Ligand code: SER
């Protein structure tokens, strides 16, 4: 059975059991401080499990794009080495939100596997939670055991410990006992030798877990205790690629039709052969796996970058490039060429790949290009580290520097060193790495106390689209501590006018006023599991009071102004540059806005002007806000709104229209475009290949911008003696400056010529060498010219010049090539040695080298020592 069919049969099976088929949530998670990537099918349903939101459909089925490369579930370093781990994978899942529980979950899973997919019953094993004697003191899952006993011989039921059979999403959150289903795909001969039961959960590549049925019934609190969830749920996750392996009768995920087309393409491009030698196999698997993770992330709007999720993506891509570079000898970008076959194999199930193919190819190619350059530079740097090494062991800190500053991978460093007969001081490297980790960990570590709940079962309401001030009550609060922010309180209210950070827009600030007039400032507002959380430095004295919650109006207005301008900018770009322009990122602050979009060349000055004029015309047109809340998605799309890739939309959406600009948006906006006053683009540039970024300002920020510019202009005029035409005055100053520069250059040349004559006369004969060591008054470039001029016709000249420029010292050593060879002299080594007198260092070639240092006082001594080299 083809993988496409396996996927659709899974979905159909549960659809027939009245489940609603929903689409995969984005793999890259935005607006959730607790998670960067979807790492399990249940992430998008977290709020239903916790009871924060009620699910509209209590039975759901889907295939979810997952990425396990950070946090609690991280498989990155395994990938490629075995045949069944992946960074990105699909998790097939059926869900019950307070609906059916263990009985149906178990019997349907069995029915699907054995009746629909016709997997041989005797090759299946199931596990049941054995209970735990630790502080949780959990009982064995008798209910699951009894249910399994009805359908499978007891010899195929195994007990599992907490690690394998109690599923927890993270340190906190929903959790519960689980039953895993494992399949043994070994040959009959192998099976006769060792029973599959002995190999379950033993990392055997042919006895693998394919499905995990989790019975969610607890919530793990911050203090480590378990509490019962308000209702019981089912969360199942089946590894799609493993299921395909079983169904297609192959021994490795990489031999299924999910991967083989990609592997064939890698073989074609690189001339490598899969299944020939283990290093090549690992490299090919790494590349085949990683291109999927990277392509899907870019399709979700996450570009490789230097921070956060973007950095994780960059590291994955670089890991693949490096395996190619080292084991497949790929010295040119090649991974971008795999996007085509990936799109052909998965584009039907995931149309985002098809639609964004060109962009994905461009971004991957550009990344490959720049990393290959880094690798080249790294090789040169590593060369110089090796050349200047005083022993056969290379300092781990130096290797760390290469890794940290230049992104040069450590395993490559180790490999090259061993090829050259050196070893790496791994302890030094690990220590440097650990120090850095400690530094960044302690800066980002956050500890959270448990919620103190004041109002049970209170539903939260956001009223901030309509009012900026309202009376509220505290539902719950908790203390959080981090190095960066210190101690803070998180507050949840029954009703709130505060907008939580989201959709690129910053969270509101403001204050709470108690009945006695006490004030607590709200520093930021964010969303977590669909709850609006307010951050405050202090807790109000009387937490059960009724408070007046007031949003900072000024900041809100400025932010709204930038948000509306962002919509107009989006419209303008599609109008001026073309409809290929798509939003790729947006940040709306009170002081500025930033908009990333797809476009393949620089936006010209004329186009930028046109865009600005377009937006300003709509601001002057005083277009009113037309807002529709809670309308069905289809209605919004029919009205002309565009859904963005990588964005998660609910069943109903909010539509924002200003004239012809129509967007799906949860942000806050001005009532009328006239409120924006004016729009000004401040910069345009590239973020990645095919992605441009515009930064712009509106309203008060534009006024400040013009006022500042005006002030600078006034200052310039004043400096130019109040010239009527300052531009003309500056141009004439530049012309004069150029003329003077040329004159000085000529004077210096003349001076050097004279100097050369004088110095040739000063040469001494020392042991048949024409020798001179002297301090001169020239800059380094002048000294270099002087040396080569003086030595032009000589074969036995040795010169050392010292000079002082801007308080710094330089030494330049010149040795005729013939002399250097005959006497085995090396100018580079000489200046390195003499450099210590001027407290510096340097290097160069055997016939010419320079050193720089911070102690001009040492020049005389260095010059004195020079003669020793030829005596
Ligand atoms: N949450 C479980 C897992 O990720 C089942 O979906 O394995």
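Each Cβ is built from the backbone N, Cα and C atoms, and glycine gets one as well.
In TrEMBL this protein carries:
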type: BINDING; residues: 563, 567, 665, 669; note: Zn(2+) binding site
type: DOMAIN; residues: 1-708; note: domain 'Alanyl-transfer RNA synthetases family profile'
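Contacts of residue 669 (Zn(2+) binding site) defined by a Cβ separation under 8 A and a same-chain sequence distance of 6+ are given as 560, 563, 564, 567, 625, 627, 656, 658, in order along the sequence. Each residue in 560, 564, 566, 588, 656, 663, 667, 668 lies on the same chain as 563, 567, 665, 669 and has a C-beta within 8 Å of the C-beta centroid of that Zn(2+) site, without being one of the site residues. Per-residue pLDDT, averaged across the domain 'Alanyl-transfer RNA synthetases family profile' (1-708), gives 92. Counting every protein chain shown, the Cβ of residue 563 (Zn(2+) binding site) has 26 other Cβ atoms within 10 Å. Look at the Cβ of each of the binding-site residues 567, 665 and count the other Cβ atoms within 10 Å; the largest number goes with 567.
In the three-state DSSP scheme, residue 567 (Zn(2+) binding site) falls into the helix class.
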